[in-house]
């Protein structure tokens, strides 16, 4: 037996030796290959451990996942082991990584700003700024602006192999510093000082290729998936130095006879080779960032459902982690992420920085203590100065030396951000025998320079970096990461993929074009079309013109699609992903098939059905012409989009381009009627070439060869061309096609240049008061000043603001409690979940929730994502728009009634939605005016508003513009406080707050929570949802409602001193881990109640709570609170709203007036556009009104009216859509708060347009009427003004109406576009009413533009009895007779026309108001 066992063992050993020998032979064979081949092959083991030789580029997705699982199996816990293996491999052959040391010396960044009301974007300020900017550019004036110092001569060193944390309160200069170091500062800032990488100036290297700046803004293409986004970024950036490093590593390992780890070898080769469709590095980065679960999900936007905001933030980081940059500047990358995810990402950055000797600076808002401990160095900034730069573990010693100590239970990062703040500093003063005096940032910076760490830093900066130690691969001197031909291929594949993803848009455009073609076919039906007279020819000419306008207009969709993508393109450009032409060339080439399909469809549907010349060659020629026109159109509107760069501006530019091209195209106004000073415009109009080419192609054909008669030998076609001043040579067809193709090339070149050299429009600056600017300068310079006693009292005590304790306010309120029992909430199961096998019809989101909120008690509502925190708050506040609610809610013992509850409660939404063009004080006055009782006079309202501003610390910002979130105006933290203030001025008894500290830095969160505590101390009832709060924030609450995933309650009760009650409760449960000393109770609570812990312990925390004494006590409390006291009275109000409908309307109109006045991108651009159009059309149509000798001259006058109405109207409608969309979104919050009814808001939006449209129509009518020399009588001018006014008005109301009936302005613009085409077709200009087929005449009367043209022409010419020569050149009739016989216009119908244009205004405005009232596109 022993012998057999011995034999078995020897066989086993021999088998093992054979395997090892086989592996050695396999590696030996691999090592014998040439280096080029060797680094492209590796040994891969499958799931059972069977080795095989593979091509690195041929790894399948399943093999990649298996490899990653083996390499980084425990990435969630600690990636250190993986990086240690990487480092060990390089150390084994003594191969060093390229290191980069970044230095900045005396870095000064300054800007020039306007102060106070001069900074508000009003129309006068907008005009003055434009004029000043123009004069400044030509060095005529400097302009009166105030200097604002952003970075104040700072110096420092960022060393490789050390992870650096950048901290500082808002507006301290963190982002500016990171942008400056990355070489990405805007040209509008004045910069001085020196920045070097390894001793080399930024001008000597390509900084964006050497370093990478991760922006706060998450700009991505919505239609791409997460994986596609990362793959594209990785392929564009290339592999950098990694390929050369791999070659050297392979060479040294071969010489040393080292056999590398198989899996690591494949991974590193994949990393260095790049160019693969799905590279391992992308899979690895997705795994590290937690994006592997949504890898194939679209990024999405407001139109496309996609990944969450936190996932987008991680994707922004991942885009640059897949690249080869050795220096990373990461700006607030944790926004929207929970602390565990942030900790995981920072841990990865720490180990990669240490192992690969990278240079990394990361700016974070609220790093948890665990995350803070991962950093090696800290840079602390305040007011543009560096307060401290050095090792993390020495920073507290520095502040201790100045008399400021961090409390034991305080997060160090929070302490650092607060200790430099004037309002927070006092609480950290720790020298009892010395009175506290405020130490401004300037003094801290001065003290640091005298501190040993500061002296050491200064000494290092004195010695220049020795360039001999610069690794040859460290700094990038090439513009792009891969060859330009490869970048072109990458872009081609990317845009081809985007076209597939956007297939719906292209199909929708095609269907839209097909429908319009079918309508056109039935309007210009060959059975009603003849070839007998010049008037017949005019109808054919009109059909050709309409076809070309439709094809031209079809390219307009490029404007919104391009403008939406521009931020991403600018980001790619600035990061040197690819040259601009590598994007524009594929976009041009890929548009060719769509042009072919759409042009072919139009020609195929309309050519023979309309009755054009039957010769097939002419059919093909029309197709070629329309294809060339479509290509030119796409190029033209890409130019307009890249030049406009903002949706409203680009749309206006696009409309203007259409106007110029169409007006000077030779159809609206004939060539011989265009004044000599505008004839150059005719020759450069692309539509002119298309018009002439299409005309000769048709009218020199067989159908038009009969003699025109009237003493001429010319054919009918030739006579028509001469009559309309069109060219008559056959060669003009080829001139037209060549010109259109030439314009296509020109426009695409201009598009490329604009994309390469233009930058996004600058943001509106926040409003800075003179006092604020002066105080900022004092702090910066370190001037000493003592905090006044009142201010000290107000802000001392950090979060627990003592000043407002038991303090009364101007307006009294009634303290109320809110109790609720057995709250259940159900929603219908989505179809997607049903398809996954869920059988129930309803999904329960809240399960028997019972609790109470009391006056003077601050309650926290806490739970993991998906626990139902916001859902519970929405249910209690009555904000849910769908689902089924069960349970009882009582207000101080009385059943809750939503009509009255909205009057005594406030709801602070997480989104911070406000009207962007109001100032802070105006927003508060508006809320107070509509929500306070009607018997409170305006003086008391103002006093109360100012009291609330003081309470929430907004007094210094009272004149600041609110702006749009993430775009301009107030910072995130300031917007949070404004949201709270807007609800507080309603004098509510109960306030709900949804995530009031999300997205804020520690200091800002402390300010907000201090605000909340101040409000509670006035005796109000407040409940806040909160997500993983810091110790300070968590322990500022009095009570806690803690929910677990699934909508069940697991704790409801007091927190206690230092959370002792909470800790006592959970530690009493058997098996729950005890809290560690100094640990955050909120984080501990979430950890020990996680679903994994429930599974480990085999318990249900919800069941434990339901059986606890605490739950029983809560039920008893709710039993008491659910019954009114003897003296209590139920709250009742005589009306639903505090103000009458008229008062609501006046208040809404007041707000809209301010909003319009301060929105120059909407209002001023409209006026500017109107002035330009009136001057342009006035000079083109010079004295047209007095020329009435021929039918063509009358047609020219009609053309000028048609062009103005259509283009000013469509521009107004398009521009109004985004404005109304934003205001409607704000109104959802305001109406839910019971501020006003839908109708006063809607009619205020309607009425505010009256003066602006009146100004527009007066500007246009006065200028154009005078220049065109229409009959100068008061009656005729007033009729002209009347029709222009109401025509522009109904277009504007139509744009507003389409927005009101659709979810957003993008959908509205899609819905509106076909109607513009139909209004154009049936306006009576291209085909007179009498020539419209009988089956379509009803639509002529339903067309507002037709009534406008009717009214304008009849009011000017309907009573004119002078003779006019007809198009045959012989016969004459009176002007009014011509209008009646040819156009079908009668002077008797002038009054009807006037009534109809007014009726359309009324109709569109009423539909708008009804839609605002009836439709709610906000889903809660």
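The backbone N, Cα and C atoms fix where each Cβ goes, and this holds for glycine too.
The average pLDDT the prediction assigns to the domain 'ABC transporter 1' (135-408) is 87. Here Swiss-Prot flags 135-408 as domain 'ABC transporter 1', drawing on sequence analysis.
Annotated ATP 1 binding site per Swiss-Prot: 168, 169, 170, 171, 172, 173, 174, 175, in sequence order, evidence recorded as sequence analysis. For residue 168 (ATP 1 binding site), the Cβ neighbour count at a 10 Å cut-off comes to 26, with all displayed protein chains included.
Annotated domain 'ABC transmembrane type-2 1' per Swiss-Prot: 486-699, in sequence order.
Annotation source Swiss-Prot lists transmembrane segment at 544-564 (among others), citing sequence analysis. Proximity of distant same-chain residues to the transmembrane segment (544-564), defined by a Cβ-Cβ separation under 8 Å and at least 6 residues beyond the stretch ends, is recorded for 222, 301, 505, 509, 513, 516, 520, 598-599, 602, 606, 626, 629-630, 633-634, 636-638, 640-642, 644-647, 650-651, 654, 658, 661-662, 667, 687, 690-691, 694-695, 698, 1306, 1309, 1313, 1316-1317, 1320-1321, 1326.
If you look up Swiss-Prot, you'll see 585-605 (among others) marked as transmembrane segment.
Annotated transmembrane segment per Swiss-Prot: 648-668 (among others), in sequence order, evidence recorded as sequence analysis.
Annotation source Swiss-Prot lists transmembrane segment at 674-694 (among others).
What Swiss-Prot lists as transmembrane segment is 735-755 (among others). Long-range Cβ contacts of the transmembrane segment (735-755) within its own chain (Cβ-Cβ under 8 Å, at least 6 residues beyond either end) map to 569, 573, 580-581, 583-585, 588, 624-625, 628-629, 631-632, 634-636, 638-639, 642-643, 686, 689-690, 692-694.
As annotated by Swiss-Prot, domain 'ABC transporter 2' applies to 818-1070, with the evidence given as sequence analysis.
The annotation ATP 2 binding site is assigned in Swiss-Prot to 863, 864, 865, 866, 867, 868, 869, 870. In sequence order, 1043, 1044, 1045, 1046, 1047 are the residues of the chain that are 6 or more apart from residue 867 (ATP 2 binding site) and have a CB within less than 8 Å of its CB.
Positions annotated as domain 'ABC transmembrane type-2 2' by Swiss-Prot: 1143-1357.
Under 8 Å from some Cβ of the transmembrane segment (1162-1182) lie the Cβ atoms of residues 123, 126-127, 648-649, 652, 655-656, 659-660, 663-664, 669, 674-675, 677-678, 681, 1156, 1196-1197, 1200, 1203-1204, 1207-1208, 1211-1212, 1215-1216, 1219, 1252, 1255-1256, 1259-1260, 1262-1264, 1266-1269, all in the same chain and six or more residues away from its ends. For 1162-1182 (among others), the entry in Swiss-Prot reads transmembrane segment.
Annotated transmembrane segment per Swiss-Prot: 1202-1222 (among others), in sequence order.
Marked as transmembrane segment by Swiss-Prot: 1235-1255 (among others).
Panel annotation: around the transmembrane segment (1277-1297), residues 1204-1205, 1208-1210, 1212-1217, 1220, 1245-1246, 1249-1250, 1253-1254, 1256-1258, 1260-1261, 1265, 1270, 1308, 1312, 1315, 1344-1345, 1348, 1351-1352, 1355-1356, 1390, 1393-1394, 1397-1398, 1400-1401, 1404-1405, 1407-1408, 1411 of the same chain, lying at least six beyond its termini, place a Cβ under 8 Å from a Cβ of the stretch. What Swiss-Prot records for 1277-1297 (among others) is transmembrane segment.
Look at Swiss-Prot and you will find 1307-1327 (among others) tagged as transmembrane segment.
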Contact check, the transmembrane segment (674-694) vs the transmembrane segment (648-668), 3+ Cβ pairs under 8 Å, seq sep 6+: yes
Seg_contact(the transmembrane segment (1202-1222), the transmembrane segment (1392-1412)) with at least 3 CB pairs under 8 angstroms, min sep 6: no
Least buried by Cβ count (within 10 Å) of the binding-site residues 169, 170, 173, 866, 868: 866
Residue 870 (ATP 2 binding site): tally of other CB atoms within 10 A of its CB: 18
Intrachain C-beta neighbours of residue 864 (ATP 2 binding site), sequence separation six or more, cut-off 8 angstroms: 1044, 1045, 1086, 1090
DSSP-derived structure type at residue 174 (ATP 1 binding site), helix or strand or else coil: helix
Under 8 Å by Cβ from residue 865 (ATP 2 binding site), same chain, sequence gap 6 or more: 338, 1027
CB contacts for residue 863 (ATP 2 binding site) [other CB atoms within 10 A, all chains]: 25
Winner by Cβ pairs under 8 Å against the transmembrane segment (1307-1327), considering only 648-668, 1235-1255, 1334-1354, 1392-1412: 1334-1354
Under 8 Å by Cβ from residue 174 (ATP 1 binding site), counting only residues of that chain that are 6 or more apart: 166, 167, 168, 331, 363, 381
Cβ-centroid neighbourhood (8 Å) of the ATP 1 site, 168, 169, 170, 171, 172, 173, 174, 175 excluded: 381, 382
Sequence-remote partners of the transmembrane segment (1235-1255) [C-beta within less than 8 Å, at least six residues beyond its ends]: 927, 930-931, 1137, 1139, 1141, 1144-1145, 1147-1149, 1151-1153, 1156, 1163, 1166-1167, 1212, 1216, 1220, 1223, 1227, 1285, 1288-1289, 1292-1293, 1296, 1300, 1405, 1408-1409, 1412-1413
